[in-house]
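Notes to accompany the following structure.
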């Protein structure tokens, strides 16, 4: 009985991950993201318009990435275009940002990132950032 339960549990996790990936590819705004109190929320990243997002990263993941040693950046509410010269990984300590990725500029295609999220923007990606709540982030640039 124990082995069947473990097998079924593993199968359920695999199915949830597959559904999340498929849903994200078909309609990123409706991607299935585990609730923030779930252990899965801090280990299953999603991808929206080429941007990788790990919602509510765990302390373990932050330590693994070495976030505490990364430089910081702060920004006030504003809206501006940005092109990433290098791949940038960031962890948001505070704030909220609405992101419009080049090629997905419609209001309904924008998505939000913010406090607790680890986000990766890849080299040469063009975006418009709309900071809706003052932001403080740690960041790491790929060399």
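Note that the numbers count up from 1, one per residue, in the order the chain is shown.
A Cβ is built for glycine as well, from the same backbone N, Cα and C atoms used for every other residue.
Feature annotations, courtesy of TrEMBL:
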type	residues	note
SIGNAL	1-20	signal peptide
DOMAIN	63-139	domain '(S)-ureidoglycine aminohydrolase cupin'
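Residues of the domain '(S)-ureidoglycine aminohydrolase cupin' (63-139) grouped by DSSP class, helix first, strand second and coil last, total 9 helix, 47 strand, 21 coil.
Predicted-model confidence for the domain '(S)-ureidoglycine aminohydrolase cupin' (63-139) is 96, expressed as mean pLDDT.
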